[in-house]
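**Q** For reference, the structure I am asking about is given below.
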């Protein structure tokens with residue numbers, strides 16, 4: 001009766017929709033007439049009883065009418081058949097297809113309409129079998145065809161669907177830019193995916209990397225990465241995976257390019273475990289950063305990498321394991337593994353799942369109803385498997401939208417591949433499929449007008465020894481900031497520190513005090529070992545220090561361009577890090593990664609202290625040169641003569657020798673020649689005399705002479721202390737500007753280092769001239785190591801200067817036993833020493849933050865004071881208080897000589913005077929005056 005009423009209601013609304021068989025209308029009409037005929041022959045009491053039931057039956061009747069109306073009015077039939085074609089190897093996609101149809105029916109997305117999953121398995125690449133099976137499916141009135149995954153058979157199926165106007169849904173990677181008119185592919189378009197890969201590489205700042213690909217289709221996925229590579233800024237080295245399963249020779253070849261630590265791999269995810277196994281065996285997992293273009297990284301087993309000492313693998317994924325829908329599907333898949341599908345049937349041509357098997361005329365017992373369902377790899381869906389779930393849901397949502405918007409009945413039409421007949425309503429479903437948008441297992445499901453998937457959201461997944469972690473999200477719909485990094489700086493640092501814990505690092509260094517000093521027992525002491533120990537105590541890693549093999553800091557070979565020294569060892573993987581007095585510069589930064597500086601410094605000049613010249617006996621005369629002394633002596637004699645002449649001319653200077661006589665017979669003048677000389681000499685010695693000029697003219701001359709002596713004596717006194725303390729300079733240089741203009745002092749630097757490159761590539765004219773001179777000097781002024789340069793300065797006796805870092809100059813001066821070394825001039829540049837790590841090292845931030853922490857605590861300064869305090873005489877014996885240096889007898893001995901010489905001359909002169917006067921006295925005539933002898937002495 002329910003079936004009759006249902007058909008009746010449907011027929012009253014739309015006869016073409018209500019009855020699916022031609023006899024339906026006749027049966028309903030006949031049954032209705034029988035009911036009316038029975039109404040005319042009932043007894044009046046019965047009629048009364050029936051009338052009394054009308055108020056009770058009316059609400060029930062209205063509810064039934066409404067229910068039947070909702071169940072029958074719409075554009076969709078009760079059962080919609082879906083067709084799937086799967087390669088025999090694509091068991092996961094087949095199971096996902098069947099399971100997805102069951103989920104749609106259980107969730108009642110289409111209300112009372114049910115989906116029936118029909119499918120067939122195809123031999124891989126068998127186009128003939130595929131054409132036969134797709135035609136058989138279409139004869140059953142299939143609404144949508146899914147698959148197959150094989151490109152060869154997929155192209156043929158697409159052509160058939162285009163011809164018959166049946167929507168064709170694919171979930172596999174398709175490298176074709178142009179697709180069929182009736183085809184929709186949920187897999188991201190190759191050009192979009194290639195753009196995403198290139199953006200990731202750009203965001204990481206990779207400037208040199210190796211690309212390993214599987215086949216020609218891989219190159220299509222990598223086309224954007226390869227387009228952006230060029231020799232000047234971004235270098236890509238392309239290598240192909242060998243056809244066999246032995247990848248060790250390939251990784252050994254890649255290992256020879258040790259300076260390249262970034263590797264991109266494009267291959268099927270099934271090969272990745274073997275690839276990483278061989279990479280680990282050849283040492284290619286340590287300090288290498290891998291980027292996988294496969295979207296199935298979550299299917300890898302992280303337990304296989306838990307014992308790997310260093311691993312850094314990153315890839316993209318469309319699947320978020322934390323989505324509720326993903327968890328639900330995985331749980332249900334596990335149930336299928338245990339219980340399998342209970343409703344699989346088999347027709348002469350294909351398989352099908354139908355819960356309402358009584359309606360299917362083809363139902364036969366399945367040949368293997370207990371066929372096992374395989375387990376998921378790492379309990380996670382592969383991308384193509386997940387896309388199949390989204391594809392079925394896409395079709396279901398499109399059918400639902402079509403049911404809501406299309407006013408007419410959708411007829412599932414049986415199609416024959418041998419005729420020109422088409423499904424005229426296929427384009428309606430196709431249009432709705434391209435307009436549907438929803439959140440699926442693989443994120444946002446949306447298509448552009450051409451049927452290409454758009455507005456993708458992809459997770460950036462990192463695989464480390466601790467498992468998987470999402471570090472960012474890539475959104476193709478964003479125009480500017482496509483990346484959203486979900487891992488904070490603190491989390492990144494914590495992850496780096498966790499990876500470093502208990503890791504053994506090999507440290508290369510160069511011997512040179514005070515940074516690294518190697519004892520006879522082979523152990524290292526110095527600033528660098530202490531610094532490494534402090535870093536290890538914070539980051540919890542273990543280390544082994546090794547001396548660099550060639551004893552060089554590191555520079556590129558002019559011909560091969562390969563780096564030597566510590567930089568070369570870090571690049572080649574022989575060392576994990578380099579710690580020494582290793583300067584940070586542009587060229588080295590392009591080859592390795594540096595941490596923030598642990599010491600700041602600059603280039604300066606190490607030179608031997610000015611040679612100490614023994615002071616001369618008459619060093620007190622050095623404040624004035626001989627010419628000044630001659631002019632002073634001339635001025636002294638000249639002024640004395642002028643004073644004598646003026647004293648003779650001026651009347652005022654003549655005085656009465658007998659003041660008691662008003663009219664003396666003679667006058668006397670005390671400014672004779674000897675007195676004039678004595679007066680000026682006393683003024684010059686700042687002592688004065690008892691002879692004083694009386695006339696205005698003589699006093700004027702005396703005043704000018706006093707002014708002259710004041711200036712000269714003050715100048716002499718000011719310079720006397722400096723000249724007495726100064727021990728002379730022989731060929732000294734005071735600044736870098738003194739170097740180019742002389743030929744006595746040679747100058748050089750370390751052959752391979754930042755100091756050399758500073759002068760070699762400088763655009764400053766002075767520095768360019770200095771470099772040109774160093775290149776042309778004979779013998780070669782360049783040294784292999786800094787200690788060699790220091791020793792050459794010591795032995796040069798002031799004929800060689802060495803350019804080196806200021807901190808090394810400080811140490812050399814503090815530990816010079818003979819106090820012969822000095823720093824000339826200031827700093828020529830500003831730079832720092834840093835820890836060198838391999839390019840794109842994931843531990844860079846961890847070391848930089850630790851160095852910053854040590855600097856803030858003052859531990860770096862404490863280390864420097866410990867090793868720079870010095871052991872030499874210059875470091876322990878300083879100048880006396882006030883900075884004055886005591887004068888020795890050698891400095892003032894000439895003064896004593898002058899004093900003794902003056903006294904001796906006075907004695908000689910006294911004897912001469914006595915003898916002269918005695919001889920003159922003997923020649924005088926004796927005169928007698930009153931019995932008295934008078935001796936006249938002139």
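Using N, Cα and C of the backbone, Cβ positions are placed for all residues, glycine too.
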**Q** Of the residue ranges 704-725, 726-747, 748-769, 770-791, which one carries the transmembrane segment annotation in TrEMBL?
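**A** Feature transmembrane segment in TrEMBL: residues 704-725.
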**Q** Of the ranges 35-52, 53-70, 71-88, which one does TrEMBL list as transmembrane segment?
**A** 53-70
**Q** What range among 608-627, 628-647, 648-667, 668-687 does TrEMBL describe as transmembrane segment?
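**A** Checking TrEMBL against the ranges 608-627, 628-647, 648-667, 668-687, the transmembrane segment one is 628-647.
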**Q** As a quick check of your reading of DSSP, tell me how many residues in the domain 'Ionotropic glutamate receptor L-glutamate and glycine-binding' (514-572) are helical, how many are strand and how many are coil.
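**A** Taking the domain 'Ionotropic glutamate receptor L-glutamate and glycine-binding' (514-572) as a whole: 21 helix, 13 strand, 25 coil.
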